[in-house]
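S.K.: Take this structure, written in structure tokens, and hold onto it; I'll ask about it next.
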Amino acid sequence: MSIYGRGDPWGGPLEIAADSATDDDRSRNLQDFDRAAISRPLDETQQSWLLGPGEQKKKRYVDLGCVIVSRQIFVWTVGTLLVAGLIAGFITLIVKTVPRHHHPPPPPDNYTIALRKALMFFNAQRSGKLPRHNNVSWRGNSGMNDGKSDPSWTLTKDLVGGFYDAGDAIKFNFPASFAMTMLSWSVIEYSGKYEAAGELNHVKEIIKWGTDYFLKSFNSSADSIDRLAAQVGSGQTSAGSTTPNDHYCWMRPEDIDYPRPVTTCSSCSDLAAEMAAALASASIVFKDNKAYSEKLVHGAKTLFKFSRDTGKRGRYSSGNEAEYMYNSTSYWDEFVWGGAWLYYATGNNSYLSLSTNMEMAKHAGAFWGGPDHGVFSWDNKLAGAQVLLTRLRLFLSPGYPYEEGLKTYHNQTSIFMCSFLPYFTSFNRTRGGLIQLNHGRPQPLQYVVNAAFLAALYSDYLDASDTPGWYCGPNFYSTDVMRTFAETQIDYILGKNPRKMSYLVGFGSHYPKHVHHRAASIPKNKVKYNCKGGWKWRDSMKPNPNTIVGAMVAGPDRHDGFHDVRRNYNYTEPSLAGNAGLVAALVALSGDKKKIDKNTMFSAVPPMFPTPPPPPAPWKP
């Protein structure tokens, strides 16, 4: 039977038919419906309909302000961090509590050990009122009346201080200035190595002790001067003379009671230019002390102006006793040397123009060659000046109008570096390997150490400019060859020689015990020995009662022979200039092979090629 009711909402009649199916049929149909429903996925809304309000899953969240995260993720993250922190803390605790074996720093190399000792020599040579930390127990205040006892010296009346030159008590400004310039140069190039050796403050203090004294030797506050002090003390030992002086007498400096004259000069271009080099180089060392550095620069300018005065040119040693001890052969090399240092200290191009002038180079002997070409010493500064100016060409290359002079110096530097090598015959060598730069004459070591310094330094210059070596004729040699030359020469001095003798006092166990040195040879026993009373110590066959640590003696002869005899100064006397060259060579070779300090030398030099101005602002209508 059919029942017809209201119409289907879609427009058709709603037909309700009587269900004639059995219960089994209905059950089968219901199962078919369920399988069909489960076979397709339901979205979240449909699931919620099926589950009903009481059965819906709820996720929990944590609000962190800037972001909302699942609570479960948050708990896992925090837990992981806490566990990781506990593990890290536990590991740290174990590392700190377990005993560890600290590896001590490597012992200093021989060059560093020798450097520390060589600097001590300058402490032993100090004149004046000594600082408390001088660390030479057998030395005391001395020369406290220098400059006051000579009525002819009226400029400052105070020449207390400075350094004694060698084994006597004379103060020579010419070799002392060279010594301070060498020390300053080595500090500028290798301040990092000095610091690593713990000697930077010490060497700077030594330099200042010297420059403070030089500033007393002339009117350093003036712009122009007409004279300066060249020497304090006398060493005249003419035949039959019994006048007490610093060579005739054998006395400790602390006991000197005889007059010490002051030697002045008004025609001493070489000395004034060398002192200018010392003050100018030191001004770079003390550039962080602005007031003192400016004082040094001013003094250097005044001295160099005096040296260049055409009406007063001359050699400082002409006609006085310095001619027999520290005779200067020329002043042209000091003009190049002093001008180069003043250029670096001031940046004033007029000094560079002077130093690179070809006529100046010709006068200085840059083209002469000869047996002493390339030999650097307290008398001949040309070789050092050429290396110093080659530095400018390698690192800054100023070009015209300086290029011709700089190129000449560069070429000459290459030539005399070649002459140091064993493949060439410019200089003989002893059988033990010591180069004979002074051609077999006495006191060779002072020249050897200067050459070793220049070779090591020039090698570092080439390395720093990414240049692997240089040519000697058709042959190319690496920079290592120069460094090897420097090392073999310094090693010879430190004991690698046929006699197994260290020529540096206090280094090793076999070194000179009878050093020609007044203060070291007389015991500090509260007995004052007069002029002749000290002769017994001079002539004694016993070793010196005081060890003058760090003194480099004059050296062996051309056959590697050496006589440890106090009276023979050609073997056993040390000197300021010799020790300064040794210190410079030692610091160049010491420690790790590091590049030189390229920038400090040029701190006062203006940029060669100024930065172009910025472009103009865009045009606006």
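The backbone N, Cα and C atoms fix where each Cβ goes, glycine too.
Sharing the feature lines straight out of TrEMBL:
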TRANSMEM  73-95  transmembrane segment
DOMAIN    111-586  domain 'Glycoside hydrolase family 9'
ACT_SITE  HIS516  active site
ACT_SITE  ASP564  active site
ACT_SITE  GLU573  active site
S.K.: Please work out which residue of ASP564, GLU573 has the most C-beta neighbours within 10 angstroms of its C-beta, and give that one of the active-site residues.
M.R.: GLU573
S.K.: Rounded to a whole angstrom, what is the C-alpha distance between ASP564 (active site) and GLU573 (active site)?
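M.R.: Between the alpha carbons of ASP564 (active site) and GLU573 (active site) there are 10 Å.
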S.K.: Once near-sequence residues are set aside, which residues in the chain of HIS516 (active site), 6 or more away, have Cβ atoms under 8 Å from its Cβ?
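M.R.: Expected: ALA166, GLY167, VAL553, ARG566, ARG567, ASN568, TYR569, THR572, GLU573, PRO574.
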S.K.: Would you report the average pLDDT that the model assigns to the domain 'Glycoside hydrolase family 9' (111-586)?
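M.R.: Per the prediction, mean pLDDT sits at 95 for the domain 'Glycoside hydrolase family 9' (111-586).
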